[in-house]
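Engineer: The structure's right below; bear with me while I get my questions together.
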Amino acid sequence: MKFVLLFGVLLVTLFSYSSAEMLDDFDQADEDELLSLIEKEEARRDCIPKHHECTSNKHGCCRGHLFKYKCQCTTVVTQSGEETERCFCGTPPHHKAAELVVGFGKKIFG
């Protein structure tokens with residue numbers, strides 16, 4: 001009888017220890033997910049909105065509804081005759097077409 005009682009106490013102790021380890025692992029996973037979400041949110045805040053200048057940071061455009069905006073550049077001639085490159089974040093034509101098709105599909109199929 002003493003052996004069964006001792007074995008039961010040992011089993012309960014091991015079970016509580018293992019469940020505490022699992023909970024610690026779950027808590028660590030939750031913290032890691034939270035940190036990655038915070039990093040994504042910070043990156044989202046730092047991005048360049050649509051129609052804003054992206055000349056100095058060509059890969060920093062924000063995401064649109066379906067696609068990330070692309071930095072589109074043009075050459076501008078100033079009044080002094082000097083050519084400079086000006087860039088802005090925008091939606092490329094093929095992305096606009098895809099968004100239009102998806103929009104029609106959502107309207108038709110609900």
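Cβ coordinates are placed from backbone N, Cα and C, and glycine is handled just like the others.
Remember, it's a predicted structure, so these values are computed and weren't measured experimentally.
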Engineer: Going by Swiss-Prot, which one of CYS47, CYS54 is joined to CYS71 by a disulfide bond?
Structural biologist: CYS54
Engineer: CYS87 has a disulfide partner in Swiss-Prot; which of CYS62, CYS73 is it?
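Structural biologist: The record-listed partner cysteine is CYS73.
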Engineer: From the list CYS47, CYS61, which cysteine is recorded by Swiss-Prot as disulfide-linked to CYS89?
Structural biologist: CYS61
Engineer: Sort out for me which one of CYS47, CYS54, CYS71, CYS73, CYS87 has the most neighbouring CB atoms within 10 A, since those are the disulfide-bonded residues we care about.
Structural biologist: CYS54
Engineer: Rounded to the nearest Å, what's the C-alpha distance separating CYS54 (disulfide bond) and CYS73 (disulfide bond)? Just drop the number here, would you?
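Structural biologist: Rounded to a whole number, the Cα-Cα distance is 9 Å.
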